[in-house]
Amino acid sequence: MSIIAGIAREDAGLTLPDAKRLMVQSRLARRMRSVGCLSFDDYIALLTASPDAEERRALISVLTTNVTSFFREAHHFETLRTQVLPALLREAKRGRRLRFWSAGCSTGEEPYSLAMLLLALDPMASDYDIRILATDIDPKVLSKAKSARYEAASLSALPDFYEQALRATRQEDGSLVMPDSVRRLVTFRQLNLHAQWPMKGRFDAILCRNVLIYFDFEHQSALWPRFRASLGTEGWLFLGHSERIHPIETSGFIQTGVTTYRRTDARPVGTPERED
Ligand SMILES: C[S@@+](CC[C@H](N)C(=O)[O-])C[C@H]1O[C@@H](n2cnc3c(N)ncnc32)[C@H](O)[C@@H]1O
C-alpha cells in the first residue's frame with residue numbers, strides 16, 4: 001500500500017490516511033479486476049510498465065473523490081450573488097473582462113452553477129468578455145462535465161433564487177442539459193494543481209472547494225502563494241467547508257466570511273476605487 005500512497009502523493013499531492021485504507025483497498029481491487037490483475041504484485045508491475053504513465057493516471061482517477069452538486073455550499077453563491085457579482089457585471093457590461101476559476105471542478109456542477117448565477121443576474125452575461133475556467137486532474141470527470149448532461153433530479157430542492165437560474169436549463173429524455181448560453185461561459189481543461197499553471201491573467205474569483213482536503217499540509221501550503229498571485233487585488237478565494245488557510249497570518253489573505261478569503265490589500269466591499 002505504501003507504493004500506492006507514494007504515487008498518489010507524488011503525482012497528485014493526495015494523502016491516503018489510515019482511516020481511508022478500506023476505501024482505497026476496495027477501489028484498488030475494482031481497478032485490478034478491470035485490468036485483469038490477479039495479484040497486487042501484478043498490478044505494481046503494470047503500473048511501472050505502462051507506457052507514458054497511463055496506468056498511474058488511471059490510478060489517480062480511481063483514488064480521487066469526485067462528489068459534487070449544483071450550488072453546493074450555497075452560502076458562497078449567496079456571497080457571489082450579493083457582494084461580488086453585481087459590481088463585476090456592471091463593469092463587464094462596460095467592456096471589462098471577468099475571469100473565474102473553478103479549480104478541481106469534478107463533473108462540472110460548480111462552474112455551471114456559477115454560469116447559471118451570472119446569467120440569472122444578467123441575461124446578457126454570455127455576450128460579455130466573461131470566462132469560467134474549470135480544471136481538474138481527472139480526464140474522466142472532465143468528459144462528463146463537457147457533455148453538460150445531468151440527471152434531472154440533480155437540480156431539485158434549491159432556494160428560490162436558484163430555481164429562477166434553472167429555468168435556463170432544459171430537459172431532454174428525462175435528463176437535464178446545460179443550454180448554450182451557460183456552456184459558452186465555461187472552458188474545461190485538465191490541470192494538476194501541483195504542476196505548472198499555464199494561465200497568464202488574474203482571476204476575479206477562484207473556487208477551490210473540497211479539493212485541498214485531500215492534500216497534505218505541505219501540498220496545501222504550497223498553493224496559498226500561487227492562488228494569491230493568480231488573483232486580482234480585489235479577487236476572492238472560496239474554499240470548501242472543512243478547508244482553511246493555515247497559517248493565515250503569513251498567507252497574504254484575510255478571511256472575510258465562511259471559508260471565504262480576500263487578499264490583504266483588497267479594498268473592503270463598497271469602498272470607492274483608489275485614484276492611483
Ligand atoms: C470532491 S471534488 C470537488 C468538486 C467541487 N469543487 C465541489 O466542491 O463540489 C474534488 C476534485 O478534485 C480533483 N483533484 C484531486 N487532486 C487534484 C489535483 N492534484 N489537481 C487538480 N484536481 C485535483 C478530483 O479529481 C476531484 O474531481
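Just so it is clear, glycine is given a Cβ too, placed from its N, Cα and C backbone atoms.
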Per TrEMBL, Asn66, Thr68, Arg72, Asp136, Asn192, Leu193, Arg209, Asn210 bind S-adenosyl-L-methionine; matching candidate in Glu10, Glu110, Glu163, Glu249: Glu110
Least surrounded among the binding-site residues, given as Arg72, Asp136, Leu193, Asn210, when other CB atoms within 10 Å are counted: Arg72
All-chain count of other Cβ atoms within 10 Å of Asn66 (S-adenosyl-L-methionine binding site): 15
Site extent for S-adenosyl-L-methionine, whole Å (max Cα pair distance, Asn66, Thr68, Arg72, Glu110, Asp136, Asn192, Leu193, Arg209, Asn210): 22
Segment-level pLDDT (mean, integer) for the domain 'CheR-type methyltransferase' (1-266): 93
